[in-house]
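Below is one structure, written out as structure tokens; the observations come after it.
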């Protein structure tokens with residue numbers, strides 16, 4: 001009788017395990033950071049930059065990535081090496097990606113190496129929600145929706161090399177998008193703090209912006225430069 005009960009329990013466990021694993025895989029992160037970078041700040045450093053093979057990008061914020069994160073501040077990465085980047089899956093998006101997600105790394109490239117890195121490090125961890133095509137398509141849609149440069153210039157904050165208060169930058173983006181951004185700074189060749197990247201948070205289904213559950217570490221000065229490009 002005990003043997004029969006043990007067998008029944010084992011069979012029940014075998015039947016339940018797949019649903020447990022399925023549930024855990026669908027709860028493998030809590031939200032996304034959507035990160036955009038200002039090309040003038042990327043290039044205005046001691047390291048400098050290289051324009052993509054298609055030429056100098058427009059003077060606009062470019063996509064850095066859409067990054068799954070946990071509410072404790074950590075994040076998953078490189079989640080599935082069986083699903084490598086496949087440029088054929090995004091052939092209809094490439095022209096838009098070259099404009100909105102340009103590479104500035106040296107040596108000059110087409111952007112594919114950048115996109116491959118973002119997909120394999122971050123995108124593979126979002127596959128319980130969006131596939132490879134949707135990952136890039138969603139990012140492009142978020143850039144258009146947030147329109148960071150428009151939000152800043154509307155508030156009189158222009159990429160002219162002048163310094164602006166961190167609060168005015170943050171406030172103008174919040175007024176436009178409805179959500180609080182996190183601002184990342186870097187330093188120019190002279191050591192001055194400048195506007196580098198803007199983080200906004202996206203819900204786990206990648207369907208819309210949310211208030212960030214947690215912000216990254218680091219801080220900017222009270223006044224930061226907005227360099228030209």
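The backbone N, Cα and C atoms fix where each Cβ goes, glycine too.
The annotation signal peptide is assigned in TrEMBL to 1-26. Per TrEMBL, the feature active site maps to 64, 118, 122.
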Exercise for review: Round to the nearest Å and give the CA-to-CA distance linking residue 118 (active site) with residue 64 (active site).
Suggested key: 8
Exercise for review: Around the Cβ of residue 122 (active site), how many other Cβ atoms lie within 10 Å? Please give the count over every shown protein chain.
Suggested key: 25
Study note, to complete from the structure: residue 64 (active site) to residue 122 (active site), Cα to Cα, whole Å, comes out at 11
Practice item. Using all protein chains in view, find how many other C-beta atoms are within 10 Å of the C-beta of residue 64 (active site). Key: 22
